[in-house]
Amino acid sequence: MKMVLRMGDDSASMLKQFCEEYDVGCVYWNKGHTPETRDKEEKYRSTLSSLEIACIESQSSLLYDPIDIALSNGFNGGHWGTLMPFLRSCRKQGQPRKPIPRHETFTMLENMKGPNTWPSSKSLDELDLAVINGKERWDLPIVERFPMSEEDALANMNSFFEKGFAKYETSRSRADIEFSTSKLSAHLRVGTLSPNELYYKVEGSELEYDQRKTFTRRLAWRDLAYFHLRCFPKMMDTSIRSHYEETEWVAGHEEARRFNAWKNGKTGFPLVDAAMKELYKTGWMTQSLRMIVASFLVEYLRVNWVKGCDYFHYTLADADTAINSMMWQNAGRSGIDQWNFVMSPIAGSQDPTGKYTRTWLPELSNLPTSVLHKPWEASEEVLKNAGVTLGNSYPHRIIVDLKSERQKSIESVLEMRRKNQSRNTDRGYDLIKLPNGEDTVVFTKKEFRIDNDGNVITTNNSSRGKNTEPRGGGRGRKGQKKMLRHQNQV
Ligand SMILES: Cc1cc2nc3c(=O)[nH]c(=O)nc-3n(C[C@H](O)[C@H](O)[C@H](O)COP(=O)(O)OP(=O)(O)OC[C@H]3O[C@@H](n4cnc5c(N)ncnc54)[C@H](O)[C@@H]3O)c2cc1C
């Protein structure tokens, strides 16, 4: 099997030229599912149809093609665009396709008739790929952590199923345990592992449904993100709840001060800093830490989620337009499934042994675990014995009063919602516009729900007008608890 490499500014005209030169009969490609790849594929289709050349598009990067999923608006066992209605719609399409055994696809390719003379090809060196100059080979830890081949992906998957999968339900939020999650995201992102292969590996396991359901759901979240992206192609930097664009964030010099400290792992909150160091160094951090740092940036530092999303996209080895923006939109409250929780940057439940934080912040390694996640509570003596000088060997906290920062955060959302009463239902839920122009109600956190006069709805003043959500949409205490559980299972 040979590969032909070409380079140019316009891939559609290069494809045209190539097809004409080599009398191509049919062109195959795998769908990309982003707005950019959709535009490109549209150009390929029209180029090929003008040449009367057949094209065959396959869909193997997701379990289901988002184009086949239809959701009716309103609350259908879950608000529009949330996991449960989405899963039901997927199931209507049947089971995901079984992966085709590798030897079959390769035999098929090898049996294909190639041209008599192979087209000329550029060499890899001629492709003008980015070159990493400078003394420090910053790419090495990333490349070493994520060697990207199909063999690596399969070996990685098999190790996880041997050593981590059975404990996934209970250990997945732990950053201090090896194999607590699969670390397969980069392979799924670039295609060195098929989601179908992973799906059937899970289905074929001996574990009971309850012991494997969260992992399967995470694969479904992946598809859900692409469904959101199909409906809201600008979601990488534009609020899905469009009125949330008016939310006031911290600005100017203060924004830069906070954002830079966050990016560089210098906020003075050890778990946040350790996670940001791991991200920069290796291009990855586990989901529970992504949630900690995202929640911290948005809820406490009050920096616009778009900046965090952008930085993640720049640094993650698994950077994925759809998943990254879905998660940041939800953290930034403007997404379909606004987070119904705020993660504590100091509780440290993701690293109860302290092993993780000590790995990424060796300057704190001698601190006792009891104060490792909040060194400002350590006595002078403890700090001295551990060789830590706050403000010198490790930064002071960038913000001190977490509670008041959170309150300002809530106020800015409430203020924006008061100015947009036309997007508020009688029960205080947000309305969003769907691509077909219809409005739908989306889940809105209790603390953001306001009545027609702009007052926060408490159980006493809850107005039940004509535009009410169906039962379950309001989420009473039981519903709230369930929601929290559901969110923790993201
Ligand atoms: C703020 C934020 C940004 C994120 N950005 C990305 C991103 O750019 N790319 C990315 O792949 N994931 C992203 N995630 C989701 C998740 O954190 C990663 O997929 C996961 O940590 C990858 O590790 P893993 O392969 O060990 O996951 P596992 O827990 O082993 O999960 C298996 C697979 O399921 C998928 N998956 C897991 N969680 C989610 C999720 N919440 N949404 C969609 N799919 C999921 C991934 O493909 C993952 O590889 C983000 C999460 C947050 C909170």
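Each position is counted from 1, following the chain as shown.
Backbone N, Cα and C define each Cβ position, glycine as well.
Annotation comment: TrEMBL describes 1-63 as domain 'Photolyase/cryptochrome alpha/beta'.
Summarising the environment of Trp249 (site 'Electron transfer via tryptophanyl radical'), the number of other Cβ atoms within 10 Å of its Cβ, over all protein chains shown, is 16. Secondary structure at Trp249 (site 'Electron transfer via tryptophanyl radical'), as computed by DSSP, is coil. The annotation site 'Electron transfer via tryptophanyl radical' is assigned in TrEMBL to Trp249 (among others).
In the three-state DSSP classification, Trp305 (site 'Electron transfer via tryptophanyl radical') falls within a helix. All protein chains considered, the CB of Trp305 (site 'Electron transfer via tryptophanyl radical') has 25 other CB atoms within 10 Å. The site 'Electron transfer via tryptophanyl radical' annotation in TrEMBL covers Trp305 (among others).
Under the DSSP three-state reduction, Trp328 (site 'Electron transfer via tryptophanyl radical') is assigned to helix. The site 'Electron transfer via tryptophanyl radical' feature in TrEMBL is assigned to Trp328 (among others).
Annotation source TrEMBL lists region 'Disordered' at 454-490.
Under the heading compositional bias 'Polar residues', TrEMBL lists 455-465.
Per TrEMBL, compositional bias 'Basic residues' is recorded for 474-490.
Over the domain 'Photolyase/cryptochrome alpha/beta' (1-63) the predicted model carries a mean pLDDT of 93. A gap of 9 Å separates the Cα atoms of Trp305 (site 'Electron transfer via tryptophanyl radical') and Trp249 (site 'Electron transfer via tryptophanyl radical'). Taking a Cβ cut-off of under 6 Å from any atom of ligand 1, the recorded sites Trp249, Trp305, Trp328 reduce to Trp328.
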